[in-house]
Amino acid sequence: MIADRTERVLGRVLLILALVLTLIPLVNMVSAALQPADVNPTGLAWPSDPQWGNFVTAFETGHVWELMGSSLFIVLGVVPVSLLIATLAGYALGGLRVRGGRAVLIFMVLGLTIPFEALIIPLYYQAQALGTLNSQWAVIFPLIGLFMPFGVFWMRAHFVNVPPELAEAARVDGAGLWQEFRRIQLPLAIPAVSALGILLFLWTWNQFLLPVVLIDDPLKRTAAGALTFFQGQYSLSIPLLNAGALIIITPAIIVFLIFQRQFIRALLRGAVKG
Amino acid sequence: MSRHETLPTRRGGAPRRVGRTAGGSGVTGPPRPRIARRAGAKAPARRAAARGWFLLLPALGMYIGFVVWPLFMGVQYSFYDWNGVGPATWVGLDNYVKVFSDPYLLGSIRNAFVLIAFFTVIPITAGLMLATLIRSLRPGPFSRASQTILFLPQIIPLAAAGIAWSWMYAQTGAVNEILGWFGLGWFARPWLADYGTALPAVGLIGSWVLTGLCTVLLLTGIGKIDGSLYEAVRLDGAGWWREFFTITLPGLRQEIAVLMTLSVIAALSSFDIIYTSTQGGPGRATLVPALSIYRIGFTQSDVGLASAFGIVLMIMVLLCVLPIQRLSKAGDR
């Protein structure tokens with residue numbers, strides 16, 4: 001019994017230590033961001049006179065509106081299209097089980113292991129040839145393609161588990177393929193699609209390599225890609241750099257906190273299927 | 001047309017079948033649907049297959065156009081000496097020979113393998129510990145809040161993690177300050193600027209990012225393990241450690257394989273963190289393949305060599321990931 005209690009206390013202490021370790025870098029960003037902009041801050045010390053104005057300065061000099069607009073444009077270009085075509089393909093593979101589907105699935109799953117870095121050189125010359133280089137489209141098109149292996153795999157896993165009797169019943173009732181898809185399959189797929197949507201949003205918003213390589217102008221990149229611009233801009237002011245970085249990461253954190261339960265449930269379901 | 005006419009006759013059976021799947025009464029038995037399926041299966045099935053392929057096309061098209069085709073082009077570039085603008089000359093396998101003989105490039109490959117220890121081993125070990133700890137808590141706000149907090153680093157861009165930590169590791173940063181609290185001030189140093197500590201320091205950023213993902217995924221895995229197994233082993237008088245090694249660890253094989261796959265890929269192809277924290281420095285102490293590819297391809301404009309290194313990186317990832325997959329499948333049987 002005593003051993004049990006010490007175990008429990010020790011466990012709590014370890015867990016709290018892990019939580020503190022996780023939070024320190026983030027808190028440290030906040031405390032650094034609140035120091036006077038022209039002073040080099042030290043350590044974890046909370047500023048005696050918090051300079052909330054730093055966020056305003058970083059927001060203005062960092063052209064954050066423009067950046068957010070550009071990120072949003074890229075997200076809107078990537079996520080809805082990816083969801084749509086991944087869902088259709090997932091339905092074809094998992095629901096309709098088309099002939100040769102297994103080969104297609106293997107062909108696509110192989111793509112899961114290709115690191116973006118291995119493709120970045122050809123993607124650059126491809127964008128040049130397509131005339132999309134230095135515009136958001138240079139990132140949007142490849143990202144849709146790169147998300148397909150995961151997206152199709154994810155949606156197929158959902159449709160495979162939908163009982164085929166449902167679709168048969170609809171077809172027997174005279175529903176066409178499209179009607180069956182819209183009335184029966186789509187409503188059932190909403191949780192899987194929204195979970196995939198959250199993941200794709202995060203991966204697009206946080207995408208770094210593609211925008212850094214393919215878009216010259218930092219203000220046309222994703223939020224994460226623009227961080228290099230902040231590093232250049234605020235190389236002399238650690239408080240402003242941290243303020244800018246905090247502004248950049250806030251939208252993703254908000255999305256996470258709102259959809260947290262779905263996010264964790266999505267992970268759970270993904271694990272069950274895998 | 002005659003095949004369509006058979007449809008109305010089958011319509012009567014449909015509601016009952018739906019009712020069966022929902023209610024599960026199963027009194028009518030299976031023959032009826034089987035007959036119905038056999039009756040008009042062929043032509044509509046073929047048409048459905050054609051439509052199915054039609055649904056596949058957009059996804060397949062984007063995948064082939066922006067993943068497979070570039071990959072093919074990359075393989076082609078890798079056999080040429082090309083600066084990206086002028087004429088290209090065929091050099092055969094020269095670029096690959098260079099990847100495996102240039103000490104700097106080999107060094108970057110070595111660094112990537114060192115990072116596996118920090119991206120894979122530490123997060124999964126820590127995740128196992130934290131997941132068992134959280135599981136032993138009563139479900140409630142504290143348990144939920146700790147999951148949320150641990151997951152946070154996974155949400156922010158890796159590039160931001162690099163910025164946050166390069167400030168943590170600075171000479172006047174928090175790491176040195178905390179060391180000072182414990183009387184270890186003599187140990188303080190600019191961690192990312194020191195040849196000896198830069199690579200482990202960068203690796204620990206990866207551990208920080210990935211631990212939350214590992215914890216949450218392993219926690220869901222533990223949730224799937226049959227609770228009676230725990231009761232049985234508790235009745236045997238087993239403590240925390242024995243419970244962990246006899247029940248928890250074997251039950252999580254699948255999840256661990258998934259996490260190993262993800263994190264090994266993250267380690268071998270790491271770019272964002274290093275780009276915003278050390279840029280590969282000091283010297284080449286934290287140079288990794290992805291950063292080498294970026295520099296060779298876009299700064300030195302040696303497209304052939306960069307492409308060859310990209311292909312090598314991809315094959316390296318495959319060679320590391322495939323055995324993990326096989327391991328998890330072999331254990332299943």
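Glycine too: its Cβ is placed from the backbone N, Cα and C atoms.
Taken from TrEMBL, the feature domain 'ABC transmembrane type-1' applies to A:68-259.
Note on the transmembrane segment (A:72-93): residues 101, 104-105, 136-137, 139-140, 143-144, 147-148, 151-159, 181, 185-186, 189, 193, 196-197, 200-201, 204-205, 211, 222 of its chain, located 6 or more positions outside it, place their CB under 8 angstroms from a CB of the stretch. Per TrEMBL, transmembrane segment is recorded for A:72-93 (among others).
Residues or ranges marked as transmembrane segment by TrEMBL: A:105-125 (among others). Residues 93, 133, 142, 146, 148-150, 152-153, 156, 209-210, 213-214 of the same chain lie 6+ residues outside the transmembrane segment (A:105-125) yet bring a C-beta within less than 8 angstroms of a C-beta in it.
Annotation source TrEMBL lists transmembrane segment at A:137-155 (among others).
Here TrEMBL flags A:186-205 (among others) as transmembrane segment. For the transmembrane segment (A:186-205), the residues of the chain that approach it from at least six positions outside its boundaries are 71, 74-75, 78-79, 82-83, 86-87, 91, 143, 147, 151, 154-155, 157-159, 162, 166, 222-224, 251-252, 255-256, 259, 262-263, 265-266, 269-270, judged by C-beta separation under 8 angstroms.
Here TrEMBL flags A:236-259 (among others) as transmembrane segment.
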